[in-house]
Structure formats: structure tokens, C-alpha cells
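According to Swiss-Prot, the protein has these features:
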ACT_SITE  His15  active site, proton acceptor
ACT_SITE  Asp117  active site, charge relay
BINDING   His15, Gly384  anthocyanidin binding site
BINDING   Ala344, Gln346, His361, Trp364, Asn365, Ser366, Glu369, Glu385, Gln386  UDP-alpha-D-glucose binding site
Amino acid sequence: MKSELIFLPVPAFGHLVGMVEMAKLFISRHENLSVTVLISKFFIDTGIDNYNKSLLAKPTPRLTIINLPEIDPQKYLLKPRCAIFPSLIENQKTHVRDVMSRMTQSESTRIVGLLADILFVDIFDIADEFNVPTYVYSPAGTGFLGLAFHLQTLNDDKKQDVTEFRNSDTELLVPSFANPVPAEFSPSIFLEKDGRHDVLLSLYRRCREAKGIIVNTFEELEPYAINSLRMDSMIPPIYPVGPILNLNGEGQNSDEAAVILGWLDDQPPSSVVFLCFGSFGSFPENQVKEIAMGLERSGHRFLWSLRPCISEGETTLQLKYSNLELPAGFLDRTSCVRKVIGWAPQMAVLAHEAVGGFVSHCGWNSVLESVWYGMPVATWPMYGEQQLNAFEMVKELGLAVEIEVDYRNEYNKSDFIVKADEIETKIKKLMMDGKNSKIRKKVKEMKEKSRVAMSENGSSYTSLAKLFEEIM
């Protein structure tokens, strides 16, 4: 009888890719294991369709992809942003139940576990109906995971209203961080007084029911955070199995990628600063102009992934930028040293020898990718847990320089503008070998550690072996 794991990823590109690549890793490491991935359609992230098609075009043995029936987007897009994915999975419960029912009726299959993205943990209700063990996948780092559990504990056990931390100078003593953490670096949703924080807190309560939490990180990157969570008897066992990355670039637009990489081929080694802010990383026009002026004044070559703003309620991400957002004459004046694009093949760009620095929103996947390729980072977090990731990269790990950690851009409502002078200064600091050699050295060392972690007998390799012992 074959052993089957069911994976339920959130249909946002970074979340989905991480879980599918993890499924491939599991299969490669255990010959008696198969994985079925259940994918929901999500109207905002168009990159998912391309990635999905690439998976179906190149099937992997023992990996089954099932596309769940589409849900009317009005049933979840009208919810507050933090509730979109929990609402989506609530509407998919019937379909997940049908899949699990068919699988349990098969005499040749034994479901050994259901692994759900942390935003989909309410699906545990369905797993419980079939007495299937449940596991959580955290696409964010262990530091953030520790903060989330800490806030949930403060709220539930200490009766602390965590929304009072909003706009406060409070510093939190979070077990997963060696340094005091400014409370304002918590994801804004945790601090909202309109009840939205309850949605997030409920997810982390539910996480505690799981038999284990699988995290896309590795021991050498977050030793303090990982050890702190393992010492907490109220938190399920932690399994760091990363870095898990989309190294083959499935789902990318090969024609656009070829043009971008061709331009990089013509640039000197380590001469280009790459700016990319994730799927939802867009700026209002006044901030775009400040970035443009800062880049021009820095004198460095640059590759800038610039996306137009997305408004609340929009159902599709826009991948192209408008020249109208840029300062007059900017493209002409910088034509010899720049390339401004919409979508970017981020992994391939970071791997290119022409790139010498990365200005990033500090989404956790981007953090892992920068470490894997030994790329120094200048942090510019925008939303979600990114402020905390930036704090961890700069203050805890010493792997990045800071452009701005206080910037927040929720649907482009930020009134705070980072000025061109500061952008110019920080880009020069990022790209200058002299003043920044310590960070470059640490990043290169962590690059080697990340690869050792995934190799035989490495920390993540061993952690996955322990997980298999638990599951099988």
C-alpha cells in the first residue's frame, strides 16, 4: 500500500511554489511516498496559471496535481484582506472532503498526513473527519513564527490587547529574537482594532493542534529562533527543511527572461543593483519618482522591476509599468546603465554574475533566494511580516543594510516617502565593497551553509529524515 501526503498550498505564487518544490523534495527523498497537491484558483495572482501549466506539462512521478473547482471570487474577495484566504478555504472544504473521500476508498492508498499552508489551517476540520494527522507549512521564517505565537499568547493568556502596540514605542521580548523587537514591526493586521487581528490569532491557535510545523528555513540561518520554539512545549515540533527554492524557474515567461538576462550578459561583473519588491510590491507615483532620482544619482547600473499600483478590490495583478510614473527624461538620461521592467525572473537575476546587490521587500522567499546566491541585500519592507524579516536580516543576522524598515504600503496608502538622497546613499553603501565588505563576507558564508544544510547529513536533510520517521 502506498503512502500519500496531501498538500494544500495557498494560491499565492510564493506560497504555492514553496509547497510544490517541497513536495518534489519529499518524493525524491522517500521512494514509498506520493504527494497530491490541491490547488485553488486565485484571481489576483496571474503567475499561478503559468506555473500550474508548467507543472502539468512536465509531470513528476508520484506527484499528482489536482485543480480544485473555481470559487466565485465575490465569496472571498469582498472579505478584509487578512480573511481572503481563510474564506477561500472555507468555500473549498466540500471539494477537499470529496478528494479525501475518494482517496480513502482506495485499497492501495493510505493517507499519512495533510500538510496545509498556515493560512489554510481551518481545513483541519476535514482532515479530522478522516482521522488524518495534520501538519502546518510556514512559508515565513521561524523568527516571525515565534512572534505570531508570542502575540497570540499575550492576547489569550496575558489578556493583553495587542492592538495597543500600534504606533507605540513598545519593545517586545520575543523568545525567537535575541534583540528586543519594536512592536510596530509586527504585521499591521495583528494590530488592527477592527477585529481583523482576531482572524490571524485564530490561525495560530489552530496551528498548535498540528503534529508538526514544517518551516522553509535552515538551522544555520535562524539558530536562535529555531531553538526557542523547540523549547516551548506548547508549540508542535519544528522541522526546518529549507531553503526550498524554485531553482529551475518553472512558470516563468521564457521570452521576457531571455531579454532581461541578455541585457545582464552585457554588464560588468557585480555592477548592477537589482530592485524587486514582490508580486504586490508597487509604489505611489511620488515614491516612484524618488526611487528613480536616487538610482540616477547613485551612478550605478540598475535593473528595476517596477509595477503599477494595485487598488483594493482589483482582481488581477498588473505586470507592466507606465512611463508616466517616471521623472521627465529619466529613461533617456539613464539609457546606457539601466533596464526598467515589469515582471522579473528573480532567481535567474540573482544568480547572474553581473548583479552585485539586491534592493528587496524582504519577503521570506526573497530572503532565502538572496542567501542561496550570496547576494547582499538592502531592505525596503512594505507589508505583512516584511518589516520583521528586515529587522532580522539587519539586526539579528547582519546579512543586510537598511534603506527603510518603517515603510508600510497597504494598497499604496502610505503617507511616508523615502527621499532620493537616502536611497542614493544606501545604494552606494550596498554596492561599495570597502564599507560593506563585512556584510558581503557574511552573506557568502551563509550561502555555503545553505547548500550544506540541504546536502546529505546537513541540518535540513536530517530534519526531513526525522519528519519522515514521524509521518511514516
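Using N, Cα and C of the backbone, Cβ positions are placed for all residues, glycine too.
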Mind computing the max CA-CA distance among Ala344, Gln346, His361, Trp364, Asn365, Ser366, Glu369, Glu385, Gln386, which the record assigns to UDP-alpha-D-glucose binding, rounded to whole Å?
22
With every protein chain in view, what's the tally of Cβ atoms within 10 Å of the Cβ of His15 (active site, proton acceptor), excluding that atom itself?
24
Return the residues near Glu369 (UDP-alpha-D-glucose binding site), defined as same-chain residues 6+ apart in sequence whose C-beta is under 8 angstroms from its C-beta, sorted by sequence, else 'none'.
Pro243, Leu245, Gln346, Met347, Leu350, Met375
Which of Asn365, Gln386 has the fewest nearby Cβ atoms, counting only those within 10 Å, among these binding-site residues?
Asn365
Cα proximity to His15 (active site, proton acceptor), best match among binding-site residues His361, Asn365, Gly384, Gln386:
Asn365
Cα distance, Gly384 (anthocyanidin binding site) to Ala344 (UDP-alpha-D-glucose binding site), nearest Å?
21
Under 8 Å by Cβ from the residue listed as 'active site, charge relay', counting only residues of that chain that are 6 or more apart:
Leu8, Pro9, Val10, His15, Met19, Phe85, Val136, Tyr137, Pro139
Quick check for the class: what is the C-alpha distance, in angstrom and rounded, between Asn365 (UDP-alpha-D-glucose binding site) and Gly384 (anthocyanidin binding site)?
13
So, three-state DSSP: helix, strand or coil for Asn365 (UDP-alpha-D-glucose binding site)?
helix
